[in-house]
2 protein chains.
Amino acid sequence: MVEDARDKAPETDQDEDAYALDRKAVAQILYAVDIEDRDRLIALMDPLHAADIADLLEQINAFDRMRLIRLYGKEFDGDILSELDESIREEVIGILNPEVLADAVRELDSDDVVDLLEDLDEPQKAAILEVLEDSDRVAVQKSLTYPEFSAGRLMQREVVMAPEHWNVGETIDYLRNSDDLPDQFYHVIMVDPKLRPVGNVTLGKLMGSRREVLLRSLIEDTFHVIPVTRDEGEVAYAFNQYHLISAPVVDENERLVGVITIDDAMAVLDDEHEEDILRLAGVDEESSLSDRVIETTKRRFPWLAVNLVTAVLASLVISRFEEAITQVVALAVLMPIVASMGGNAGTQSLTVAVRALATKDLTTSNLWRVIRREVLVGVINGLAFALVMGVIGVLWFGSPALGGVIAAAMVINLVVAGLAGIVIPVMLEKVGVDPALASGAFVTTVTDVVGFFAFLGLAVIVLL
Amino acid sequence: MVEDARDKAPETDQDEDAYALDRKAVAQILYAVDIEDRDRLIALMDPLHAADIADLLEQINAFDRMRLIRLYGKEFDGDILSELDESIREEVIGILNPEVLADAVRELDSDDVVDLLEDLDEPQKAAILEVLEDSDRVAVQKSLTYPEFSAGRLMQREVVMAPEHWNVGETIDYLRNSDDLPDQFYHVIMVDPKLRPVGNVTLGKLMGSRREVLLRSLIEDTFHVIPVTRDEGEVAYAFNQYHLISAPVVDENERLVGVITIDDAMAVLDDEHEEDILRLAGVDEESSLSDRVIETTKRRFPWLAVNLVTAVLASLVISRFEEAITQVVALAVLMPIVASMGGNAGTQSLTVAVRALATKDLTTSNLWRVIRREVLVGVINGLAFALVMGVIGVLWFGSPALGGVIAAAMVINLVVAGLAGIVIPVMLEKVGVDPALASGAFVTTVTDVVGFFAFLGLAVIVLL
């Protein structure tokens, strides 16, 4: 009934926010909820993609969410659940009436059900498993036996395969005569008599080749077989590095058990990046905007607690120089500058190092070269800022000695920052700790402690 | 000749580094270069994917790189160039002999050539355009007329389309009889008589349907048409949000001009994330591990310069309280703790905000709710750490008044941090500045200045 702005926008707008939910659409939907006009609500929601509906549910408050879901009733479909942020998902499952939930879940592919179940509490999990049809339940339970975050959880179990000796004609006839091809598939996987995958042929190549051509002669150059237990982050890396579109998954006997497609790999890549960004900032990687205050507080607390310890350590260093500060109060004024510059330079190095480790660009082959580079960069930027700070020290406090002290401390701290920024993440990675998670705390501790100690220590030697 | 460890590793290893270049393989390759054994080099490089060869070239030093490329000679193929990091690419193009370069470039699809040319200097660009065949050159030059980072640059110009009134049989016959289908395509795009795309049919559905079924009845639910000028970041967002596999690209008359596939969108998504991570850390987004010392120094300098200004601002605040510090030197010892906690809390909020803006989860519909949440989180964590610091203040310096001052300053600064962390990125986004790039400097300035001012100011009122 309504000429919907959202539906058209993505196809014609050229502005930056072509895909953001627009405020007017949200207001119209909430109005329909207010006046409890179910037909209007359905008409407004109909053109929206499940992912957009999920975003909408995440953006409105809990009370509106409950009313909207109740009014929307049976229209609620499984894809919306799949798209919802975890923290909201449990709440929504609690609101849905059991029949609607059962229908919604039955619509989903088994890999999406697995994804849904992973994050739920046991009672909710059991309730959902119960409503599945028997064959689906078996498939889902089988997937859940694979380790979390493994290829086994990510894969679809429906595969399209052909014996390696077939030709194009046989393969096309087979495909044309099967009843239950998956809706989305991109390759025919060639298998040997033991069901081990030996090559991929794209549907495009199949379509474009004569009937008598052997499948074998059409296989893709890039063919990667993924063990079912491989970590999903590694899977995403392989898709991105080798431009894979789909890849067969094999069990411990190298038999084909499923297939992973690029859209799933893309979602994992997106999650892993998000996790890295949040971890680098000291935020729990599962944080999201729809978390409540108490959850958010809890997620932020640990990193702040770690930071408090490092800050107190730095203060202990300062306290050893109380006498010097009482005599030359300018030291108290200038000391945070040295520490802050070191912290920033360290963060720069460690971010580059963490990314390079994640993309496997930093290896034992180039580690020494990279360390040397970081130290040199520290020296050069250290000298540049030493000059600036030296001049500021002299102009502000009229003391060339003080200028010299801050300049020397700056060089020392920037070199240490470059070194710590690269060595700490590499060491953490070696001992199996995610460098994105922990490097920041260590590097800042080093730059704070070294910064204060170098500046105040030199000051005692030179000025007093 | 050599049983190559690299080739097997990705298929069987289950450890975290299944895909990293292993040190031994690199050493063997460099040894082959040292003894100038071309056959051995080729045998060692043969099983490697172009992306791995590119990584290898990035990881070795410039001298080895030159020798390797010279020895490898004609084997060097275009895909390696495509995969190389920009900073190394120009150097490698300079090393390649012109004939090898010409052959390498001619192998590439026109969209890859465009990608290659974008980052090159004018003389190199002209040299490469010159070696292309006429038809390719025209295609490349046409693509280069679209704005940088637009859908037009990203798309392939080869499309597979069918009139909207066709049935499955007609479409399959057409595909079977065309000579020049692209190797990789996933959808047949249905077009109206004016060549405007009206729907997508997957090859899988086409294969699985009877000949008389109309294409129209098989179209995908999710169909997004992308204007040729749309920003590539928005394109990647749409692919990720709506799980697109390929999407038609249209010109200003809504006529089909090309198609973007998910693998290209995935590469863009990866770049955008990388850019955000580096920008948040104050590192130029084009930084890479293969940059030289001088480039790296230059890329790091601007952010450190900005940080120096903010650090000096904070010092100016401290200098207003010199007298208080001289009287109570404990103030100098404790003040960095308040500033540092504020800086960390601010970074947490701003990172969540920057990500939420990037994923379009933070909108005008939920802004006030998010701001309220951040302030409340600041209050609660502020109170928690105020308690801890208050106790530390009392135990360490035996002064309940000092404990009270640092506790109060902590609450103030953590609330301000939460507020600044959300408001500053939102304001920057509103005025068109990338919040990932600039928020950090602003937020830290605010938390430093407020931290020192609140702590020292309260100290003057309470203690003196």
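A Cβ is built for glycine as well, from the same backbone N, Cα and C atoms used for every other residue.
Model confidence over the domain 'CBS' (A:218-275) stands at 91, taken as the mean pLDDT rounded to a whole number. Residues or ranges marked as domain 'CBS' in TrEMBL: A:218-275.
If you look at the transmembrane segment (A:375-398), the same-chain residues 6 or more away from its ends with a CB under 8 A from one of its CBs are 330, 334, 337, 341, 345, 349, 404-408, 410-419. If you look up TrEMBL, you'll see A:375-398 (among others) marked as transmembrane segment.
Long-range contacts of the transmembrane segment (A:404-428) within its own chain (CB-CB distance under 8 A, at least 6 residues past either end) are made by residues 334, 337-339, 341-350, 352-354, 357, 362, 367, 370-371, 374-375, 377-379, 381-383, 385-387, 389-390, 393, 434-435, 438-439, 442-443, 446-447, 450-451, 454-455, 458-459, 462-463. Marked as transmembrane segment by TrEMBL: A:404-428 (among others).
What TrEMBL lists as transmembrane segment is A:440-463 (among others). Packing against the transmembrane segment (A:440-463) from elsewhere in the chain are residues 280-282, 303, 306-307, 310-311, 313-314, 317-318, 320-321, 324-325, 328, 331, 334-335, 338-343, 345-347, 349-350, 399, 401-402, 404-406, 408-409, 412-413, 416-417, 420-421, 424, 428: each is 6 or more residues past its ends and has a CB under 8 Å from a CB in it.
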